[in-house]
Amino acid sequence: MALPGDPRRLCRLVQEGRLRDLQEELAVARGCRGPAGDTLLHCAARHGRQDILAYLVEAWSMDIEATNRDYKRPLHEAASMGHRDCVRYLLGRGAVVDSLKKADWTPLMMACTRKNLDVIQDLVEHGANPLLKNKDGWNSFHIASREGHPVILRYLLTVCPDAWKTESNIRRTPLHTAAMHGCLEAVQVLLERCHYEPDCRDNCGVTPFMDAIQCGHVSIAKLLLEQHKACSSAADSMGAQALHRAAVTGQDEAIRFLVCGLGIDVDVRAKSSQLTALHYAAKEGQTNTVQTLLSLGADINSTDERNRSVLHLACAGQHVACTRLLLQSGLKDSEDLTGTLAQQLTRSVDILQDFDHDVKS
């Protein structure tokens, strides 16, 4: 049996809302910190036990600004879990509204990871600053864009109209983030209320349209084309277009949309490497995507600037199924600029056997 004052037992009593049992335990031994450095206040706030929270503060004078090993305070816990009564109690007791946890997250940032407008409003009305950024350069609006709740985005823009004018440390905007995560309604709000450049780029030259395509969010890609005049053939810093990025991630529907719907050349090459979408798909072992590209007319014999065939990249990646498909589709082994055959790049017995079978047949 756990001894009185055992931190795990005390936390369990708080979690289960057993105030009377907790009072008896604390009369014997004042609570210790838990294994993560949590106080009982952290535990009460995390689990929404406002009555216990009040008891610990008022009867035991526990410090509402106590931090755990991640520098979280009870307000962080209550805000992140959406426990409005605990948030309001702590704010009413004078808790610091913009306290920082590890990685410089404020309670408002943590609240924006949940779709709980009331908690966000309470924090803002008590002075929380939506413009503060965490260590990655994200402010609360940016975090809310990832979650994609349009009501919260509209509220933050109402109380802080410039909240959208933000970039992360790698120059990604909330529009990039909402597009990548497939948050269609959020993207609609951002296009209606904010003023992002049509093809704003991050440090890698990636646009929101590319993000939408490479993650398979075709409806968002269409919206960006129609309402934001995005460029479907824009290239990133490596010269790769949306088609190439979709091939990497195996987004076949997006590839069909680009080629059949927008007329993008299925064999368009990345400027720096002269790789085609077929090369990118083979490099990643995206067998279904290789099949899709071939069905759309991709040139199976295309080579890059080093005269590497699609087979070279499939073999270098040790992709058995992809290599087999290419051989079955009629692609023959050939030398690159260094005189290396594709089969020389593989360690796979299965792939080498496929080459032997191809030669014999």
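A Cβ is built for glycine as well, from the same backbone N, Cα and C atoms used for every other residue.
Since the structure is predicted, the reported quantities are computational estimates derived from the model, not experimental observations.
According to Swiss-Prot, the repeat 'ANK 1' annotation covers 36-66, on the basis of sequence analysis. When averaged over the repeat 'ANK 1' (36-66), pLDDT in the model lands at 91.
The feature repeat 'ANK 2' is assigned by Swiss-Prot to 70-99. Among residues of the same chain six or more beyond the repeat 'ANK 2' (70-99), those with a C-beta under 8 A of the stretch's C-beta atoms are 36-37, 39, 41-42, 44-50, 53-54, 57, 64, 105-108, 110-111, 113-114, 116, 118-119, 122-123, 126-129, 132.
Look at Swiss-Prot and you will find 103-132 tagged as repeat 'ANK 3'. Here the repeat 'ANK 3' (103-132) has Cβ contacts under 8 Å with residues 73, 75-76, 78-84, 87-88, 91, 97, 138-141, 143-144, 147, 149, 151-152, 155-156, 159-160, 162-163, 166 of the same chain, all six or more residues outside its ends.
Taken from Swiss-Prot, the feature repeat 'ANK 4' covers 136-165, and the record attributes it to sequence analysis. Note: the repeat 'ANK 4' (136-165) comprises 18 helix, 0 strand, 12 coil (DSSP; helix = H, G, I, strand = E, B).
Taken from Swiss-Prot, the feature repeat 'ANK 5' applies to 170-200.
Taking Cβ pairs closer than 8 Å, the repeat 'ANK 6' (204-233) reaches residues 170, 173, 175-176, 178-184, 187-188, 191, 196, 198, 241-243, 245-246, 248-249, 251, 253-254, 257-258, 262, 264, 268 in its own chain, all 6 or more past its ends. According to Swiss-Prot, the repeat 'ANK 6' annotation covers 204-233, on the basis of sequence analysis.
Annotation comment: Swiss-Prot describes 238-268 as repeat 'ANK 7'. Helix first, then strand, then coil: DSSP counts for the repeat 'ANK 7' (238-268) stand at 18 helix, 1 strand, 12 coil.
Taken from Swiss-Prot, the feature repeat 'ANK 8' covers 273-302, and the record attributes it to sequence analysis. Secondary structure of the repeat 'ANK 8' (273-302) per DSSP, as helix, strand and coil residue counts: 16 helix, 0 strand, 14 coil.
The annotation repeat 'ANK 9' is assigned in Swiss-Prot to 306-335 on the grounds of sequence analysis.
Among the features that Swiss-Prot reports, site 'Required to capture Ser that is misactivated by AARS/AlaRS' is placed at Lys102 (among others), with the record citing experimental evidence. For Lys102 (site 'Required to capture Ser that is misactivated by AARS/AlaRS'), the same-chain residues 6+ apart in sequence whose C-beta sits under 8 angstroms from its C-beta are Asp70, Tyr71, Lys72.
DSSP assigns Lys135 (site 'Required to capture Ser that is misactivated by AARS/AlaRS') to coil in the three-state reduction, placing it in neither a helix nor a strand. Sequence-distant neighbours of Lys135 (site 'Required to capture Ser that is misactivated by AARS/AlaRS') (same chain, 6+ residues apart, CB-CB distance under 8 A): Ala103, Asp104. Per Swiss-Prot, the feature site 'Required to capture Ser that is misactivated by AARS/AlaRS' maps to Lys135 (among others).
Marked as site 'Required to capture Ser that is misactivated by AARS/AlaRS' by Swiss-Prot on the basis of experimental evidence: Lys165 (among others).
Each residue in the repeat 'ANK 9' (306-335) gets a DSSP state, and the totals come to 16 helix, 2 strand, 12 coil. Its Cβ taken as reference, Lys165 (site 'Required to capture Ser that is misactivated by AARS/AlaRS') is surrounded by 14 other Cβ atoms within 10 Å in the chains shown.
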